[in-house]
Amino acid sequence: MADEFPFEISPMFEGERIRKDGMFVELAGPKSKGFELVRAADMDDVEDGRFTLIGPDLSDMEEGSRYPLAMVYKIAGELVEADLESIVERRNHEFQNYIQGFMHLNQRDDVWMRVSKDAVEKGMTSFESVAQAIMMLFKNELPFIEAVEAIYITDMDEIEKEIENARAVYKGRDERTRDLHDEDVDTFYGCTLCASFAPTNVCVVTPDRISLCGAINWFDGRAAAKVDPEGPQFAIPKGDVIDAESGEYTGVNEAAKRLSSGEYDRIKLHSFFEYPHTSCGCFEVVGFYIPEVDGIGWVDRDFAGTAPNGLQFSTMAGQTGGGKQVVGFLGVGVNYFRSPKFIQSDGGWERVVWMPKMLKDKVLNDIPEEMRDLVATEEDAADVDSLRNFLKDKNHPILERWVEEEEEAPEEEEATEAAPQAGFAAPQMQMPTGGFMPSMPMMTGGGSGGVKIVLKNAKVSIEKVIIKKQD
Amino acid sequence: MSDIETGKFSIDELENVQITIGKIVGAIEKKAKEEGVEVGPTPKPGISGLRDWDHKLLSRYQPVYTPVCDQCCYCTFGKCDLGGNKEGACGINMEAHQARETLLRVITGAAAHSAHGRHILHHLIDIYGRDKAIDVGPSNLVAPNTQAVTGIKPETLGDLEEVMDYVEEQINQLLATVHAGQEGAAIDFESKVLHGGMLDHVGMEVSDLAQMSCLGMPKSDTEAPLVEIGMGCIDSKKPVLLVIGHNVSGVTYIMDYIHDHNLDDKIELGGLCCTAIDMTRYKVENGGQPRAKVIGTLAKELKMIRSGVPDVIVVDEQCVRADVLEEAKKLSIPVITTNEKIMYGLPNRSKDSAKDIIEDLSTFKDPGALILDYDTLGEVAPELAIKMSKIREDMGIKALPSDEELQGLSEKCVQCAACEMDCPANLPIMAAMKAGVDKDFSKFEELHDVCIGCGRCDQACPKDIPVLDMIEQASRKIIREEKGLMRAGRGQISDPEIREEGVNLVLGTTPGIIAMVGCSNYPNGTRDLYTVADEMLKRNYIVVMSGCSAMDLGMYKNEDGQTLYEKYPAKFLAGNLINVGSCVSNSHITGTAIKVAAIFAQRNVSGNYEEIADYITNRIGAVGVAWGAYSQKAIAIGSGCNRLGIPVVVGPHGSKYRRALIGKPYDEAAWKVYDARDGSEMPIPSSPEFLLTTAESVEELFPMLAKNCIRPSDNNMGRMIKLTHYMELSQKYLGHMPEDWYKFVRTETDLPLAKREQLLKILEADHGWEIDWKRKKIISGPTMKSDVSAQPTNVKRLCKGEC
């Protein structure tokens, strides 16, 4: 099959590593230059299937040496738009690795490729075959691409001319991603890819909320929905705003009801306590309410120790997953910490009191500067008491909530917001009881405590009597 | 001592009375309720508890029997010839008897594992007490098999006793049905087989949970150390202590003695079979270094003894050759038995002093001893090895024939073919003998790797030629180079690991899980394991190893001199290679599948076996391969996988289990399930196509593995990737496209990406499907719809609206 190419194309080659001694040439990489770029263009500007090479081809290259390489793909089609460029561009990495004897690392202007000697011996003597294969795969995977052409550049002067251009495009895209928020779009995307395993899970992907698994962002959802509107990723019209702060929309609620077969009918996208997003099983981090300090802690998969509530990630995750809406626990992807709407309904970062050090370091730059020192880690607080002291010492904004509660206490038992949730979460905080037997009442003759049993007209039957010599 | 009788007593007065309550009926449910856990409908199921589920499985995967023998010799009415549809004297027919034979094998295997579990549990409770907490790593669901079957969520060693009580009682109930005049229907024997297999996984789990919690073994450790493996890694100049078997209870005392007396560098401690694996797990958690070497599998047992290298042999239980004592005696190697399951008629020296025992064995007063006191064992074994090393060297023990003798022995051969007839692999021994006459021993050398070391050739030879010794002598050079590395058994797959891999599993980018388990009765040597594992790992499957297969995989190196354990990382991630551990660690493989159901679908596990099995059957693309399965334990393990809907392929020798469970892809009615959303029927692909079958060659095996990872609930990306590997492996190893590939296509997005256009053309031309060429979409043709939200289930009560 696929006889038109002088190489095999299969996902099995994805993990293929080409080492120095098996390498024909190295392309781009840290010691040279290069980039990959996909641009949306008008149908008239793209000649489908055309390949242009600027600079020497593979057959002109000297074995064992290094060359620069830039790859530019122009795509066009009725549904093609600039927002889809980055999605297509990322496939260049995946697809080039499908090609036996071609290795592709990194992305954008960090790309680093190698071609193996074996591949060249078997006939990969021109970049044209590589580019043609990639264009074929683009069109197969993403049928909204109606026409595509490729320009490969191996000439250093030309690359240096173009690379700034490419960098400007990347920068523009990053700004667009950063500046694009839930309020700027009228469509969110739903993903049911994991419904095969977690049947009631409803994943809603918005510009400010990446999927729990971290694999699908809003742009991915958009691209996939264009490829196949009836596929596992599909548009969810946002509908009317019910509450922007907590992220509740009529469209999302309707979708939730439909997708969970009626199990859930409200989802607030940026809420921890009220109608939180459902949690599947692959979430990277689980958040947990700590009623004693009225704050939220987060613990990630890699943290093997116990959180201040005495529980491990696995224990809390065990109560969270399965496509259920669980009040008091919330599974999220690490990238959600980078969202400007991060649990904004519940106070955002000001509600966060604890994270493992590794996780905190990972997202440190995304924590508002004034909060960075105020979030405790396992080094600061191992249990609730030390956590409370830490928060007091640092004058964490959570203290204001304590005051509120104390003030309100005479009138109401607890702060209205937290009351029902505390009730939900509190029982889960109990340490697992150690075995059943120890909790049995101890009965000793005449001793204090335990249960006193009075036997009157009783029959005691004994199944087995073991007779032992007295000590 | 006393005259207390049974009967009624009146008590007038009670003073200082203590009442102990041993067991409370309904305790599981009560405790679960206290913890907020729901208990499913079948905690501690009896034989009929999951019968409906079994019958569902067995109606799709019907038993096919291939009797090795047509007779039944169970009672004195017989022997009865059951051939030609005849009934025996008790009325039993061939199908029922064959199923009964399987049942006997399965419960024998389950009993071996669970008796091992009971023994080590007793032993560890003696030392650590009933309250010792179970600690197996960062998991919430610590005992998935136990919990799914019994409803018990064990927290301490003491909790495991109740689990064992259940397993033992059930095995007893099953064994009773093997008696003449009990069950008459093959289908219900088959259900009992599945019941026995399920119990086996509980028994194994108890064994491993107990030892992992107490013996410092790795706990879901992705960085478990690499361990030396192979006959070549044993330094025969040092005193060599050889341990054979499966149960490390006693061996740990030997290891502690060696370590505490600074003998680590002065003595070679090597193991055969699963004891070896568990020795190298002992005290290696948190970066400890292995204190023993692995010699290899059962296939190396006779060869190792016959080499004359061991100075003392210690055996415990399971897969230990019955002739160890006889073989060892010939070479003046004392044998110590340490477990009631194997005593070899040796005197019981458990109460004697170490000094006396060492004296008697080193002067050959006795050829060996039974020592059930492990403190004594710990001292005797290493000290005796040190002593015997000198004595045996002075004696000038000669084990194998010299090269000159090889020629003479070859000349003795009359080419009668008795050895080849008896050889399980029918190896070309006669040709080796012929060449040996001319001093060309290379053909013997070629036999070494493919020989499973059973010694039947020796027994068969009318001229008493020691064929095995000749093979071993001729292979000295390759044996010296038999040095590999094996990843120490890491124990369970932890919950966090499963969550991490969840993205790949759920999105379908991990095409499947291949569990390579079982023994060393390979049809064509150990290299096949390497070939299979490497190919599947390259394709991003997760490959899980255990037991003898885990050892043999470590024996091969690639062109860079690396074993696969060095080449591939050891996390539970796509393209990773995992060794869970010894035979009893197999329970962690099924345990992982159960955890997936608990983690991703929040299915209640406790006492909810049927629902969990149903989830696994329809969703988890895992296939077991027991390429060299020989034992009763192996078929028990396989049957336990089967009850969870996990298919198992055995190598060619596996046909001697006399039975397969095979579906009929052409029978459309068999491939329907309910959609739990509304109870409607939906068609599913015919995969897995079988629950138990044999493959004749690795070439045949490869496409089978890929195909049988396909599941009804695959999303498009998952199906595309699975189909890609199915088609590629068929092309690569069988030279043609599989004929049924199109049956697994629901939409164009299921088609392998690189070949989409060509395949659409084939679908149109050869299968009459309608294609919209402009949009490259399939308009009509597929018999199934692609609906990722569909919830396939075999169990009607799990559908919405049912109860």
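A Cβ is built for glycine as well, from the same backbone N, Cα and C atoms used for every other residue.
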Let me know which member of B:C416, B:C423 TrEMBL also records as binding [4Fe-4S] cluster 4 at the site of B:C451, B:C454, B:C457. B:C423
With B:C72, B:C75, B:C80 listed by TrEMBL as binding [4Fe-4S] cluster 2, identify the candidate in B:C90, B:C214 belonging to that site. B:C90
Residue in B:C233, B:C583 which TrEMBL records at the [Ni-4Fe-4S] cluster site where B:H246, B:C274, B:C319, B:C519, B:C548 also bind: B:C583
Near B:C457 ([4Fe-4S] cluster 4 binding site), which residues of its chain come within a Cβ-Cβ distance under 8 Å, counting only those 6 or more away in sequence? B:C419, B:D422, B:C423, B:I429, B:V467, B:L468
Who are the long-range neighbours of the domain '4Fe-4S ferredoxin-type' (B:442-471) in its own chain, taking Cβ under 8 Å and residues 6 or more past its ends? 298-303, 306, 323, 399-401, 406, 409-410, 412-414, 416, 418-419, 421-425, 427-429, 431-433, 435-436, 477-479, 520-522, 524-527, 628
Counting Cβ atoms within 10 Å of each Cβ, the densest environment among the binding-site residues B:C73, B:C90, B:C413, B:C519 belongs to B:C519
For B:C583 ([Ni-4Fe-4S] cluster binding site) and B:C413 ([4Fe-4S] cluster 3 binding site), the CA-to-CA distance in whole Å is 40
Apart from the site residues B:C72, B:C75, B:C80, B:C90, the 8 Å Cβ neighbourhood of the [4Fe-4S] cluster 2 centroid comprises B:C73, B:Y74, B:F77, B:G78, B:K79, B:G88, B:A89, B:I92, B:H97, B:A180
Pop the mean pLDDT for the domain '4Fe-4S ferredoxin-type' (B:404-433) in here, whole number is fine. 96
Cα-Cα, B:C519 ([Ni-4Fe-4S] cluster binding site) versus B:C454 ([4Fe-4S] cluster 4 binding site), nearest Å, comes out at 13
Write out how many residues of the domain '4Fe-4S ferredoxin-type' (B:442-471) are helix, how many strand and how many coil, based on DSSP. 19 helix, 0 strand, 11 coil
Sparsest-packed among the binding-site residues, when each Cβ's other Cβ atoms within 10 Å are tallied, from B:C72, B:C583: B:C72
Within 8 Å of the Cβ centre of B:C423, B:C451, B:C454, B:C457, which other residues of the chain have their Cβ, at the recorded [4Fe-4S] cluster 4 site? B:C419, B:D422, B:P424, B:A425, B:L427, B:I429, B:I452, B:G453, B:G455, B:R456, B:V467, B:L468
